[in-house]
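Here is the structure we will look at, set down as structure tokens.
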2 protein chains.
Amino acid sequence: MTTRQDCDVLDQEDPLRELKQQFDLPAGTIYLDGNSLGVLPRETLGRVQQVIQKEWGQDLIKSWNTAGWIDLPGRIGDKIARLVGAAPGELIVADSTSLNLYKALSAALRISLEQAPERKVIVSERSNFPTDLYIAESLAQQLGLRLHLVDNVADIAATLNTDLAVLMLTEVNYRTGYKHDMKALTAAAHAAGALVIWDLAHSAGAVPVDLNGAKADFAVGCGYKYLNGGPGAPAFVWVHAKHAQRCWQPLSGWLGHAAPFQFTPDYQAAAGIKRFICGTPALLSLAALECGVDTVLAAESLGGMQALRKKSIALTELFIELAESRCAALGIRLASPRDENQRGSQVCLSLDAPLHEAGYAVMQALIARGVIGDFRAGDPARLDEVPHILRFGFTPLYIGFADVYDAVEHLVQVLKNEEWKRPEFNTQGAVT
Amino acid sequence: MTTRQDCDVLDQEDPLRELKQQFDLPAGTIYLDGNSLGVLPRETLGRVQQVIQKEWGQDLIKSWNTAGWIDLPGRIGDKIARLVGAAPGELIVADSTSLNLYKALSAALRISLEQAPERKVIVSERSNFPTDLYIAESLAQQLGLRLHLVDNVADIAATLNTDLAVLMLTEVNYRTGYKHDMKALTAAAHAAGALVIWDLAHSAGAVPVDLNGAKADFAVGCGYKYLNGGPGAPAFVWVHAKHAQRCWQPLSGWLGHAAPFQFTPDYQAAAGIKRFICGTPALLSLAALECGVDTVLAAESLGGMQALRKKSIALTELFIELAESRCAALGIRLASPRDENQRGSQVCLSLDAPLHEAGYAVMQALIARGVIGDFRAGDPARLDEVPHILRFGFTPLYIGFADVYDAVEHLVQVLKNEEWKRPEFNTQGAVT
């Protein structure tokens, strides 16, 4: 079994170890929740100060031109493009993931309904992140379509038929960390005549993504998880070049207009992906996002996303090894795919009965020890398939092998000492 | 005629003079563009630093609870509510003005189509801010309705008939500063059986607004103009209590769910206005907005919006008096309503021929002298009705009477010396 000493050696030999210096990490904390909210880059405060004091405070309205505010959604979009296999000019930063999905799904459905009006079904997974399902439910209801949710990945294949308009999936599942085969599923859906939208919320900056290589149709993603953009950072949206110049989206705000500063009363969509911009972007949050994206791009000279993925797999494999060998007898079992190729950059654990209901308290006890993960309640109606889980994200930019060792050690202590039984850990109320 | 000395006395006697201390104003600048982007409050930098360093950097994911991030859209909403005649819990901060208008207009149209499906017309003004028209155009097209645009305020009355579903107006026109009679128009539209949406982009923090007193149905507004929330600050949306608990909006993101942290696959709208939240808010920009709103609320102990309005009228009256008396012979004329009751907190000037085409260059020459206003091109097809204009906003929180005097003096010099003829002022490319 891997020892703490082994982990120190792994950290010393880690070719990505210097990347951690990019962040201000809180002392005494092992932060395994970067899949929910990424940490603070050292550059962010200074950059946001610059935007506030100089660009806003001193230069005021001029900064739309002189500080390049107007170009920021595209400039940051081009940077994110490098992380997800997209070309410059194909991806834009705007609004939230939910809103970008609304735009992308609207666009995809219009294309589908124009080409094949008999296709009336949107397919997704019941375990997809709820906001994706809520947005799809809204559009299905408005357009008289049906949202079909599958309970298992294996059930997707049967839905790829002549009823299918759009297959809408999140590449890496937010609960289990299950990672779809984007290229194979996209090809299969295309073979069935449907379009595919990928939500990269748990992919961008976490796993290598090749949108153009997979020939995906649309993609959206999140700025505040693995991209370290800060709380509620703006999201992004990408459209394949074959759709970009002609597709329609309904949230037609003035900054998505071909000539916004001509202030004409009629809407004319901007060229390409810029038509997916709606209103004025939240500049402070946008500037912070760029600093976060830069922390991931800093890995490019060290092997980029492939190197990050290699370390991510090593971290999650180590966590699984240690958690299973040291905690199985304490009632812990793996709830994420064991196959590294089917796993994103996170690992989830479930708890055997009678510990199963104690998941929330176990996580609170861990957090009290400085190990920050999160708890996600299961589906009360089918806890066998969707159990309560302890969720741990491993961000190779700033998590090391000794961190993984120590996190498991804390988990062992929480379980052995039954620390989770303390009353202060048994008050439900978790957020994100 | 009012002299510079008179203006100094007016500033000394101004009961609101201390409010200017709330801002970091750039030296040597008379900023008359707060109607486009408000200035930087002194509190903002420290507050955003706190969010970045402490709440994000140190406390990370916990801050959703411990720093109250989750309550911020409602907390700031309640503050804005005090400025626009809304009750606590009726108004929420979210997304952009464009997106909030999409939600509000969708909600209003669904109510109307359920109650009176034969009403197929949305009415607005051709001179409304373009994003409002683009959003309405999108929804009209999707729902098979007609967007009817009137060219003159006097033409609105004739549209209030049994075809009208929704009357959608911006209370204060972004170009001319024309201010509608919200209460009278709302009552007239209601008498015709229609719903009314008000865009308060140039009203909130600028003129007293009484949404409940006017019995309006929906309202949206902007955070980065008179509310001083910073570039691209989040916007707000309000719904009358009679609609709030039952109205639908299509952008159904997870934070508008009744129980977002239960992560259920089915959407259940949150109670009341909270259902108008969509995705995760941009926290840095949201925190900055609160500081901006606080600068307006600081006037509450000095008479609030009524006192701000009184000073705003005095400032705009002074500007008109000086501009007309000193610049009329130089080719300048008033393009805003002369009646103070029909005017927001801005004044626009147009230029007589042959100076008419020089508006952009005149504004650039003024900006070079430190007087920041903006230029808005007219409608080439009907320049008589929609001329090129010089636009000046007067924010009583930080603009004084001597500022107004000096701004006009600079304008006189620009025109007398024909400074606008310099080549560097004749390069088009204005933003916002």
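Numbering starts at 1 and runs along the chain as it is shown here.
The backbone N, Cα and C atoms fix where each Cβ goes, and this holds for glycine too.
Where the annotation comes from TrEMBL, it is an automatic prediction and has not been curated.
Taken from TrEMBL as is:
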{"type": "BINDING", "residues": "A:THR97, A:SER98, A:PHE129, A:PRO130, A:THR131, A:ASP132, A:THR170, A:ASP199, A:HIS202, A:TYR224, A:TRP254, A:THR280", "note": "pyridoxal 5'-phosphate binding site"}
{"type": "MOD_RES", "residues": "A:LYS225", "note": "N6-(pyridoxal phosphate)lysine"}
Which ones, of the recorded positions A:THR97, A:THR170, A:HIS202, A:LYS225, are Cβ-proximal to chain B (under 8 Å)?
-> A:THR97
Cβ atoms near A:HIS202 (pyridoxal 5'-phosphate binding site) (within 10 Å, other residues, all chains) | 28
For A:TRP254 (pyridoxal 5'-phosphate binding site), the three-state class that DSSP assigns = helix
A:THR131 (pyridoxal 5'-phosphate binding site) has its Cβ surrounded, within 10 angstroms, by a count of other Cβ atoms equal to 29
Students should find that the Cα atoms of the residue listed as 'N6-(pyridoxal phosphate)lysine' and A:THR170 (pyridoxal 5'-phosphate binding site) sit apart, in Å rounded to an integer, by 14
When you tally the Cβ atoms that lie within 10 Å of each candidate's Cβ, which of the binding-site residues (A:THR97, A:THR170) has the highest tally?
-> A:THR97
Reduced DSSP state (H/G/I helix, E/B strand, rest coil) at A:THR97 (pyridoxal 5'-phosphate binding site) is helix
Give me the non-local Cβ neighbours of A:TRP254 (pyridoxal 5'-phosphate binding site): same chain, 6+ apart in sequence, Cβ-Cβ under 8 Å, ordered along the sequence.
-> A:PRO260, A:GLY279
In Å, how large is the greatest distance between any two Cα atoms among A:THR97, A:SER98, A:PHE129, A:PRO130, A:THR131, A:ASP132, A:THR170, A:ASP199, A:HIS202, A:TYR224, A:TRP254, A:THR280, the listed binders of pyridoxal 5'-phosphate?
-> 30
